[in-house]
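Asks: Could you have a look at this structure, given as structure tokens, before my questions?
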């Protein structure tokens, strides 16, 4: 039984390849670093939110090899990415495009910042101009409460 | 038998929670002391009942009672004892029970430490907290019963996911939940204050320690998770912008904002409505986190087993609590007009800026996390939003925060002069620029990110030091006065410096990491960043419930041996899953990180080695942040306030 488990284990271990393998690495370091850069922006389609550079999946390895193949063939970085996006759809891009409704995604932060700073500035301005005497006076309820407390 | 008892006490706890959610609320409305007094014993009873239930489940895991379907699915008799215990929360049902346990723990804690709260506020806080408890108890009992029996118990279990069998991850969930659920306390205080119709400085002082505690726990929980990812996932990444990570990060950011705005309420009675809103929203993000993790609507690496029914239930909880609280807020917002007057340049306005930056940053993370869902539902586009987006869209806010933080931290309340503060900060700026120049000079032709991040971190650390020093007055025994400064001052400086240290670590690691991937024959060496890494041997080792391929690696520098590393590849036969156990030589200035890969056809082994500069600073920084929070929490004003009412109640004359 134990031998069987061990055999099964070894068989499985042998098929699992974690991330970039030595045999994938390109001889040209400049090309290889470009390949790594591109890989980090591409999603492994069968994984959950992993890029192909980190992924252990077989498909990710295929994609890594494809990226390197295109690079060696002389494609530019954008050409490689376009090539892969044409085949697998924009789902493969970890950095979404700015096209179409995606402007909302990219614009959300800056727009919210402008809005937040605007509201914040208005609030601070009002605070700084507010008539100090009126603000420091007690409200009617507080006046009542004070009277009640004094009576006790 | 014990399991049935555990199930039964859970049902009892649900009944108690319903009583506690209603009776004290009515009592507070009618000013009936007897009705309000129900809250405290009920909170304690609820906690004890759930604790018993949790104990029963733990006992089932420890004794490997495979007649429980949950134990069968998540445990194994050969599993080490530590992981039998932590296996209790390594699954959906058990973790939900832990969640409920913590909800009731916080409720009970209010009855233990809330001696100085006004009776009506305390009754209302406990009632609201119990509503949350009731909702989650119902969720547990109706959709995720952890005590289901199996008709035919198997001989052995299916084992816990091997990735979870690790000390870092074993304690990651409890801390995270203490944080998530701790925010329920701020929520309860906010809603109780809205019902009460009063938000004042005292409220700010009461709500702040709870928020601070929740934030500390969240910080530790997130740090543990990221540390685990660093050494376990096999390539030394520490943050992936995964939806589940984001789910914990958003409440952290909002809680940090809340922490700061509550100071303004406490000290200056301003920003009241905003603080109440933040308290509500912070817990809302906790609920969204629970929803994201458990509904499976956004898939991620470490989501639990997903189930649409549970998702709908959680969405319902989210809708009821957020909807209810926000409607209440809209109705009562008028009662919370701010009072304090302050000028454009003041501590108050600095904290407003802090809140804007933190909240917008949280909003960016939120939009990025749900965008794939929105795009698919509304625009019929299947797309991904990953790390490259977040790095680009989120980082600027943190940079801005880091730049203005030392100024804001030193501005006096009400009215400040920027010139004076700037002059005090000159040494900090000089140090930061020196770091920038030095880092620039050392590195050759790479991104500007590294030097700039280092400078920003140095600026934060120096700013915190300058802040403390300037508080120690002028002349005489400055060090003595420094030591006697309130703990809150020290806490603030330590936490802010911690942020700086973490920023230094993150930017150094991202900018100057080096890696080497190659096939290594036994006896061969790899040269990396001045270190020599030699693979001496590869052995097979049998662990308690796994089989390991262990490399024996010698790390040396200039011919001197520094250490022995044991990178492992483990295989867990029961779960049929491999894991990598990286071997790391930790250092103050760098980590050497070695991973052993597969045997190659032509002989030799795939080996990956990484040089990770300042890696430990990332977690050192987060520990400092948590430590700063703890220091602040132990400040005299929170402790004294907690005991002050007792003297009054006993009729001792005031001094």
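Cβ atoms here come from the backbone N, Cα and C positions, even for glycine.
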Asks: Among the residue ranges B:594-613, B:614-633, I'd like the one that TrEMBL describes as transmembrane segment.
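Replies: It is B:614-633 that TrEMBL describes as transmembrane segment.
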Asks: In TrEMBL, which of the ranges B:74-95, B:448-469 has the transmembrane segment annotation?
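Replies: When B:74-95, B:448-469 are checked in TrEMBL, transmembrane segment belongs to B:448-469.
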Asks: Which of B:175-195, B:207-229, B:249-266, B:614-633 has the most Cβ pairs closer than 8 Å to the transmembrane segment (B:352-374)?
Replies: B:249-266
Asks: Other than its close neighbours in sequence, what residues sit by the transmembrane segment (B:207-229), given a CB gap under 8 Å and a spacing of at least six beyond its ends?
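Replies: Counting only partners 6 or more residues beyond its ends, the transmembrane segment (B:207-229) has Cβ contacts under 8 Å with 106, 166, 168-169, 171-183, 185-186, 189-190, 237-240, 245, 248-249, 251-252, 255-256, 258-259, 262-263, 266, 275, 279, 282, 618-619, 622-623, 625-626, 629-630, 632-633, 638.
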Asks: In terms of Cβ proximity under 8 Å, which residues at least six beyond the ends of the transmembrane segment (B:96-114) contact it?
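Replies: Non-local partners: 10, 13, 17, 20, 39-40, 43-44, 46-47, 49-51, 53-54, 57, 88-89, 122, 125-126, 129-130, 132-133, 136-137, 139-140, 144, 146, 173-174, 177-178, 180-182, 184-185, 206, 210, 290, 642.
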Asks: Which residues of the chain, 6 or more past the ends of the transmembrane segment (B:249-266), have a CB below 8 A from one of its CBs?
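Replies: Same-chain residues near the transmembrane segment (B:249-266) but 6 or more away: 179-180, 183, 186, 199-201, 203-205, 207-208, 211-212, 214-215, 218-219, 222, 272, 274-275, 278-279, 281-283, 285-286, 288-289, 340, 348, 351, 354-355, 358-359, 361-362, 365-366, 369.
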